[in-house]
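Feature list (source: Swiss-Prot):
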- 1-32: region 'Disordered' (REGION)
- 12-22: compositional bias 'Basic and acidic residues' (COMPBIAS)
- 23-32: compositional bias 'Polar residues' (COMPBIAS)
- 63-372: domain 'AB hydrolase-1' (DOMAIN)
- Ser168: active site, nucleophile (ACT_SITE)
- Arg238, Asp368: substrate binding site (BINDING)
- Asp334: active site (ACT_SITE)
- His367: active site (ACT_SITE)
Amino acid sequence: MVKVQSISGPAHPEHRAQEADHPTSQVATFDTDQPLPLDCGVDLAPFQIAYQTYGKLNPAKSNAILICHALTGDQHVANPHPVTGKPGWWVTLVGPGKPLDTSRYFIICSNVIGGCMGSTGPASTNPETGRVWGLDFPVITIPDMVRAQAMLIDRLGIDTLFSVVGGSMGGMQVLQWCVAYPKRVFSALPIACSTRHSAQNIAFHELGRQAVMADPDWREGRYVEQGTHPRRGLGVARMAAHITYLSDAALHRKFGRRMQDRELPTFSFDADFQVESYLRHQGSSFVERFDANSYLYLTRAMDYFDIAADHDGVLAAAFRGTRTRFCVVSFTSDWLFPTAESRATVHALNAGGARVSFAEIETDRGHDAFLLDVPEFFDIAHAFLESAGKTRGLADAER
């Protein structure tokens, strides 16, 4: 049995803000008769997936676009965030008249399994024990996230998605969708991502995880029950990760060596420089909306991601015979997922016989460029979806 209901807040007990008035998140609950099979061998049941929708599904159910969020994102793509009150994380791209036009497409975005904004994760309650899962929650993978999304799409009565779109960890999910469900994805827009996590990126994630686990308030993952939260460790993890989302040029342009509210150094360990103050703010604000254990689980899921590993190490074999149309996007200053990674994906798609276009966008805004106001990226996304829509026969009146 599958139940769908509204939710009024995220899973983490520290987060008490009310959900935005419009649109309200929905949550699909899957009971014990519909378990989620995980790569670790566990059948997770019951579980729930929180999601948002924007726009209307057409009568043919042919205009649905699934957006897959990145590591620290959630389902609140284009509405005010219920915890922070800030605009949706992709409000630049999603909305009426925008590339992902909500007056033409039916947009879906779900919080990934293992997340902390309504979907089942380590901050949820284990129904067998009545306790918060904590580290008893099973380790999850990108394929697990996609299986859960597919179950949600089934619940919504949608057979084929017009497009699957996402950047970073979201882009990994896009690629996994195309491998696991090739007949269900008409077009795909993977952005600033790769088909496997690099050693460098695994190293950065391990740094963040160790920062969390070294915080005395982490309490071996049982901090919720003990009324604590590893704010310092999670804040440091966020600061370190955030540096990888930027670029040297962007940091120089935005901050340089400028002082923060002073003309001379204090000769102390206060935040003398603007860039220090900025990073501290990134860390302190992040801990107010994200669960520390979820951070551990989701970074580990990214680390395990390797599409070729399930195809005898031959990446092209994963895409062989696919009919999905692809547009792969990278950014010149992205050193977290450099253009070479995207080119390798494109080469594999070509070798597999896929229809694929590739765009490398010149910008100094680093990995986070896909979340920012980059007109060239908007133009490419719009043109790709327009072309795919014409190929599929999506007339304006039908969208």
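Glycine is treated like the rest: Cβ placed from N, Cα and C.
In this structure, the C-alpha atom of His367 (active site) lies 8 angstrom from that of Ser168 (active site, nucleophile). The recorded positions Asp334, Asp368 differ in how many other CB atoms lie within 10 Å of their CB, and the one with the most is Asp334. For the recorded positions Arg238, Asp334, Asp368, a Cα to Cα distance of within 10 angstroms from Ser168 (active site, nucleophile) holds for Asp368. The average per-residue pLDDT of the prediction over the domain 'AB hydrolase-1' (63-372) is 97, rounded to a whole number. For the pair Asp368 (substrate binding site) and Asp334 (active site), the Cα-Cα distance reads 8 Å.
The DSSP secondary structure for Asp368 (substrate binding site) is helix.
Arg238 (substrate binding site) sits 18 Å from Asp334 (active site), counting Cα to Cα. Other Cβ atoms within 10 Å of the Cβ of Ser168 (active site, nucleophile) number 27 in total over all chains.
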